[in-house]
Amino acid sequence: MRSPHGTMSITTISCLLLVTVLPTTVEAVQSTFNYVPIGQNPTLYTPGFEPIMHLDQMTFNDTVFSDRAFLVEFYADWCGHCRAFAPYFRQFANMVRDWYPVVTVAVINCADSFNQAACRENGVTYFPMMKYFPRTATTATQGKLFETPHSAEQIRDTLLRTVSNEYMFNRYPDWPNLGHIAVDSRTTYGQLWDGVPPKANYMAILFEEYDGVGAQFVMDLISRNHILGARRALSNSPLVQMLNIRNFPTVALFRRDHQQALYMQRYTNQTVKEIDDAITGDMKQGGRQAPILTTTYAPTTTTTQTPLIDCHSYPDRCRDMYYVSETDMLKAMRMALLDEVTRVPGSIRGDNFTNLHEFMTLLSNHFPVLSFQNDIRRMRAKRTTSVILRNSERARLVFTHMREFLEGRKSVGSVSADEYRRQFESVERVYASPFPVNSTWQHCKGSSPQYRGYTCGLWTTFHALTVHTYIDTIKDDFVNPMKPLSTIQGWVKSFFGCEHCRNHFMHMTTTLFPLNERRVRHPHDMMTYLWRAHNIVNNRLHGDTTEDPQFTKMQFPAPFLCPTCHSGGQFSRRQIRNFLLRYYGSIKPHNRLADQRLAL
């Protein structure tokens, strides 16, 4: 049976969905620094070329819940704040690369569908998120949340305090001794070496007035424990008087069979290198082969980037790169409705349930299913110029079914994330999987993998929804122009995973450029409000590290896209409205043949 609108009823669909899908099991393995994670999404870090271990669904538990502490960044490759945070996290990882025997720095890309279960188990509600897992951790709930400041030094210092606290509580015998040396009148020289690996023939002691750089000094020398042990002592230690130390912090170097210091200097950024040189010189003087003390640094790589086109010199070539893609919108909507909504286990309830239902209703009513090839002002007189977007037509049936599914839960006002996910995945199979998850981004493809993608697809869809709502309701005298905008705002507030981006969007639409009836009074205001809001975002992000050099955050549209939109250094509102109707009304259909060629 079919409903009056031509869609299958809930009862009919439910009968078709009585298919048991058996989960597949894979043998878990442990990750390494050279491990390339499973998945289709690009990564923000390069496996094998950085001191960052890559995790995925298959390796997460067996790697993290082993015999080492871990600091894990949960990120999404499409997240602008994750992209901006990546250089600081990379710098931090290089700072602590020698701490590897104690704590490992790792990442997992939660935007990749392969990793969704691991990210849900870890309660990842925003990006980027960092969690510290102590050595004794056996479950995700034992991870401790870390802040994500744009400072490698702050992350290092927070990690150092956390590792030090864990050591003081557990006193692991195979971790370096992070406590201060206790010395009295009965302490022998040999007892000073307690805790130093027996194979180490040298020991460096850092003397400090307070609980300062000593712990970092010890951690930085872990990689040299085959030849050198490191300890720390307070300024009131009897050793200070014995060595006549008057300035702090100071480092003294000893050999196991020699009680006099081989080296004693104030601690600086060059101290570790000076210790290496002192050990090398001492061993050469004694006729012994000098050891390799320094860490070998892996080469850095650069991401291949397509040649850039100068839009001022070649406006026609740039104009061809700007269009609305059905593929981009469908990919973005599946991520928005499935990956984002079900990221956190448990129930979708309260405002989140309401916002999800409202957004699904907007999609079921106004997601574009037609592409108009001519000027929108002549569209109603020339229907034959429209092209049916076949995948979007089926996608709207999915949206309609999911809206009815949510309406069936309105009496309780909630639905479990697992039930919602199962329903969505089942319904999309019934309608022949209209979302091209394996297709590449089209207009939203960046000049290199770390740019654009999902967020571009989101903005494109939001604009298209306002334009097509306007088109669909142009003869409606009682349309509420605020409704589609507040619905989009509600989805962002409840589900958009980039916390930093979400906060900026909410601040803009509530404080900086408030979404209210004063600004949105007429039907066409639903289009122009979002256009102005997006240009505010473009202005804020122009010059940011996340900006694609080919698709700069210009004030949209640029003159090469709409010369008539610009007049005397200002935008012409009337011309902007006409442009938005033309641009978002003409949608490039999904190329199913291209997908088939990719599959071959």
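From the backbone N, Cα and C atoms, a Cβ is placed for every residue, glycine too.
These come from TrEMBL:
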SIGNAL    1-28  signal peptide
DOMAIN    22-165  domain 'Thioredoxin'
DOMAIN    447-555  domain 'ERV/ALR sulfhydryl oxidase'
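Counting residues of the domain 'Thioredoxin' (22-165) by DSSP class, helix then strand then coil, yields 50 helix, 25 strand, 69 coil.
Along the domain 'Thioredoxin' (22-165), the predicted structure has mean pLDDT 92. Per-class residue totals from DSSP over the domain 'ERV/ALR sulfhydryl oxidase' (447-555), listed helix then strand then coil: 64 helix, 2 strand, 43 coil.
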